[in-house]
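> This is the feature table in Swiss-Prot:
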- 1-30: signal peptide (SIGNAL)
- 155-235: coiled coil (COILED)
- 206-222: compositional bias 'Basic and acidic residues' (COMPBIAS)
- 206-453: region 'Disordered' (REGION)
- 230-268: compositional bias 'Basic and acidic residues' (COMPBIAS)
- 290-308: compositional bias 'Basic and acidic residues' (COMPBIAS)
- 311-320: compositional bias 'Low complexity' (COMPBIAS)
- 326-355: compositional bias 'Basic and acidic residues' (COMPBIAS)
- 363-388: compositional bias 'Basic and acidic residues' (COMPBIAS)
- 395-410: compositional bias 'Acidic residues' (COMPBIAS)
- 527-622: domain 'MRH' (DOMAIN)
- CYS529-CYS542: disulfide bond (DISULFID)
- CYS579-CYS608: disulfide bond (DISULFID)
- CYS593-CYS620: disulfide bond (DISULFID)
- 644-647: motif 'Prevents secretion from ER' (MOTIF)
Amino acid sequence: MRVVVISSFVSVSLQLSFLLLLASAIRSSSSPPNDPFLGISPQDEKYYKSSSEIKCKDGSKKFTKAQLNDDFCDCSDGTDEPGTSACPTGKFYCRNAGHSPVILFSSRVNDGICDCCDGSDEYDGHVSCQNTCWEAGKAARENLKKKIETYNQGLVIRRQEIEQAKVGLEKDAAELKKLKSEQKILKGLVDQLKDRKEQIEKVEEKERLQKEKEEKEKKEAELAAQQGKGDAEEKTDDSEKVEESSHDEGTPAVSQHDETTHHDEIGNYKDYPSDEEPAAEGEPTSILDEATHTNPADEHVVERKEESTSSEDSSSPTDESQNDGSAEKEESDEVKKVEDFVTEKKEELSKEELGRLVASRWTGEKSDKPTEADDIPKADDQENHEHTPITAHEADEDDGFVSDGDEDTSDDGKYSDHEPEDDSYEEEYRHDSSSSYKSDADDDVDFSETTSNPTWLEKIQKTVKNILLAVNLFQTTPVDKSEADRVRKEYDESSSKLNKIQSRISSLEKKLKQDFGPEKEFYSFHGRCFESKQGKYTYKVCAYKEATQEEGYSKTRLGEWDKFENSYQFMSYTNGEKCWNGPDRSLKVKLRCGLKNELMDVDEPSRCEYAAILSTPARCLEDKLKELQQKLEKLMNQDKPQNHDEL
């Protein structure tokens, strides 16, 4: 029994000894590095060397320099163990001289795998790592040299584009100023043409209404004349019966009536109501008969007047007798003109107007209501008209309107006493009517100094001025259709030109408000689109407008232009088409230095959120070029690293 206990005790002691030896071996394999600052980045060296007591970066506790890289984790964030694998959250910095530095998790230190090209992560000697940084860095240095060359060339292009942007902006500003000036002048001309067009349309409308009125009155007069003619025929039959009866009974006929009685009856016709017309025995019973049928008594009176006039002319050679004879002859002529006018206009005048007209020729009284007989021109009046200029006030009252009746009178030549107006009067009158429509724009333009090769605006000004002079709304003839059409055509063309100018002004104003960068380096982007074909899609990015994804004939809007972001490193497009059951589409375009504008690497890293890269000379910055040159210089000045055989 005692022997068994002793043997068990010996067995346990051997196991413990083995475990202690194993722990000692493990302890020696993870021994601290010879360099206490191994694994610390150059940026953090000052933090560790500033004092003898170091504070954990998370602020939890402090540790001494002796505790730094002692292979025991004192800080939960691994601040005290950057060069060992003691802390799971620690970071190890590979310097990789001659190549690019690398940061590793501390758990990969002394794990038997060479992670750093300089072999610094396997310092315990269990693995021999060759230093391959110089060879590996050779390709990186070549790429860096190419990148520097791209920046150099791109910087030259960028400077050129900046100069072109300055010129372009100045040109845009000058064009905007010129267009605004032209807009002001052209708007004045368009306003003048619009006023004249509206005036012409008013006159045309007035003429149209007057023509409709006259046609209506003419139809009413024709209807009344037809009705009156029927009444006259009935009354004529009655009158003939009365005359036959009077002849059979020996009663004197109408021809036996005294001239004075006939004068009194007709002269006092207007004293009777229209529905109580006097009807003398043996005379016509209507005024229409008086106007349309020749009265024997009237012929007798005219013949007697002519005979008395001729006898008085022969028997009285004195001046006074001659004057009396001339006056009677003129009176006879006037009577004849009235008779002729009545014959011509009998269908257009009402019964009442015919009655007044016939009565007035005997009594010498004028009707209270003016008739067309008042328009019969007199020789003396025509002579006075030829030598009496029309005043502006009279022209305004006339309003430039001429009825169709006046047109017929002048065209038919029935009253050819009118003579053509003096040409000098027409020119003087036309000049006066044009000056009333002169605007401020006319005062600003001197057409006498127009060059032999005038601009389009000067041509328009001259054309409008000629039109305004040619179209005279106060003339005594109806509106000339060809001139009216000319005004409308010029108004339409000038209005179209004005709209184009206003559209261009709006476009320029919007353009000049855009953000073209601190040095206007993105000015050349305005109005340009960049495309990239990737798979079945074609991506199109238009600066200051929109970005789209196209497939065949379908187009998806990825976003509208928003702004530049992160110091002009990105172009942002937002508020695109909504994704099904998702957000609105958007796009961010990363800008990088390149010798030409080229869109590439379009991707969708998140649902409906797109990303792309655009190379452009606009991003070849001088500060970035200096940074790259310094980096290359540092790499080239490094000595060729030695192999870590001693490790």
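Placement of Cβ uses the backbone N, Cα and C atoms for every residue, glycine included.
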> Around the C-beta of CYS593 (disulfide bond), how many further C-beta atoms are within 10 angstroms, looking at every protein chain?
21
> Other Cβ atoms within 10 Å is the metric here; tell me which of the disulfide-bonded residues CYS579, CYS608 scores highest.
CYS608
> Using CYS529 (disulfide bond) as the reference point, find which of the disulfide-bonded residues CYS579, CYS593, CYS608, CYS620 has the shortest Cα-to-Cα distance to it.
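When the Cα distances are compared, CYS593 comes out closest.
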> Which residue among the disulfide-bonded residues CYS529, CYS542, CYS620 has the fewest other Cβ atoms within 10 Å of its Cβ, if you could check?
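It is CYS529 that, of the disulfide-bonded residues CYS529, CYS542, CYS620, has the fewest other Cβ atoms within 10 Å.
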> CA-CA, which of the disulfide-bonded residues CYS542, CYS593, CYS620 lies nearest CYS579 (disulfide bond)?
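That would be CYS542, the closest of CYS542, CYS593, CYS620 to CYS579 (disulfide bond).
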> Measuring CA to CA, name the entry from the disulfide-bonded residues CYS542, CYS593, CYS620 that ends up nearest CYS608 (disulfide bond).
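Result for CYS608 (disulfide bond): the nearest of the disulfide-bonded residues is CYS542.
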> Using DSSP, how many residues of the domain 'MRH' (527-622) fall into helix, strand and coil, respectively?
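Helix/strand/coil tally for the domain 'MRH' (527-622): 4 helix, 62 strand, 30 coil.
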> In angstrom units, rounded to an integer, how far apart are the Cα atoms of CYS542 (disulfide bond) and CYS593 (disulfide bond)?
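Roughly 19 Å, rounded to the nearest whole number.
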